[in-house]
Amino acid sequence: MKIYQTVICALLRGISQIMLVNSAFVGLLFILGFSYGAWQIGLAALIGSGVGGLFAYVTKQDPNEIEQGLYGYNSALSAIAFVTFFNTPWWIAMVIAVALITVLLQQGLQPLFQRTKLPILTFPFILATWLMFIIHPYLPMVDGIILHSTPQTGTLLDAFFLPFNEVFLAANREGSLLISLGLLIGNWLYFLAAVIALSCAYLMTLVSPEAHYLIAAGIYGFNAILIGVAFAAFFSLRRPLVWLGLIIAAMLSTWVIVGLDHLFAPLNLPSLTFPFVVIIWGVFLGKRLWKAN
């Protein structure tokens, strides 16, 4: 019985770690939220988390890290991305393949990130998803399609709640409330930092009509949320300077999001969580330079 409990908890933590939370219960709330109205997304996430964790176990990675879901969250995100952006009758097999590619990328990149002392974050998921977009025209059994509902726009409530669901590439109010609740239960400080970061990013959209639409739709606000969560996870928020850094990073994220979106548009690639990754890497490097001087 204990081994089943361990496996189930590891699967769910592979979901919660997408928001840097180590909690099986929070992972369950996240799944209920982002799979609301689209059960395929929830099943794909569990498959992805399982494939990532199982491959890490087979390749003899740190058991504690496996149980914490650290090898599952990137694969889970890639699995979610596949069923969100693509359609095929063979979707379960493709989800397994995509999750396997993602965990291979994660393990392959780990030595580099250990040497540079940078967090790997969601970079393997980004690379795997871009690879899917590049090769899917050559796969006759895979069609590019969005399965979940069109993002809802137009209200301030949407602007502050849809981004929580968009972290998982979904878009509905009910799911967003569940995910927000999950993050609040998992770590109230993470939730507070996420709300402040999103508020700062939203304020920056007042000078950019294009960015205003994107944030209000929840489509790109999730990067600001992830930035807030990462600051709370990696740095001590007891220091006023860290809060200042969070505010600046969140405000800059608006321009980074729009810039990367334009950069990748000709390639027909979504920016996904790359703005979040770039900004957090920049913060780590900036902190290192600050200490060196």
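Just so you know, glycine gets a Cβ as well, placed from its N, Cα and C.
Feature list (source: TrEMBL):
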- 7-32: transmembrane segment (TRANSMEM)
- 38-58: transmembrane segment (TRANSMEM)
- 92-109: transmembrane segment (TRANSMEM)
- 121-139: transmembrane segment (TRANSMEM)
- 177-205: transmembrane segment (TRANSMEM)
- 211-234: transmembrane segment (TRANSMEM)
- 241-260: transmembrane segment (TRANSMEM)
- 272-290: transmembrane segment (TRANSMEM)
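Remote same-chain residues near the transmembrane segment (38-58) are listed as 10-12, 14-15, 31-32, 65-66, 69, 71-80, 82-84, 91-92, 95-96, 98-100, 102-104, 106-107, 147-148, 168-170 (criterion: CB distance under 8 Å, separation of at least six residues from the stretch ends).
Simply put, out of 7-32, 121-139, 241-260, 272-290, 7-32 has the most Cβ pairs sitting under 8 Å from the transmembrane segment (177-205).
Within the chain carrying the transmembrane segment (7-32), a Cβ under 8 angstroms from the stretch's Cβ atoms is held by residues 42, 45-46, 48-50, 52-53, 66-73, 75-77, 122, 167-168, 175, 178-179, 181-183, 185-187, 190, 226, 229-230, 233, all 6 or more beyond its ends. Cβ atoms under 8 Å from those of the transmembrane segment (121-139) belong to residues 18, 73-75, 77-78, 81-82, 85-86, 88, 98, 101-103, 105-106, 109, 226, 230, 268-270, 272-274, 276-277, 280-281 of the same chain, restricted to positions at least 6 beyond its ends. Counting residues 6+ beyond its ends, the transmembrane segment (272-290) has Cβ neighbours under 8 Å at 81, 117-119, 121-123, 125-126, 129, 167, 220, 222-223, 226-227, 230-231, 234, 245, 249, 252-253, 256-257, 260 in the same chain.
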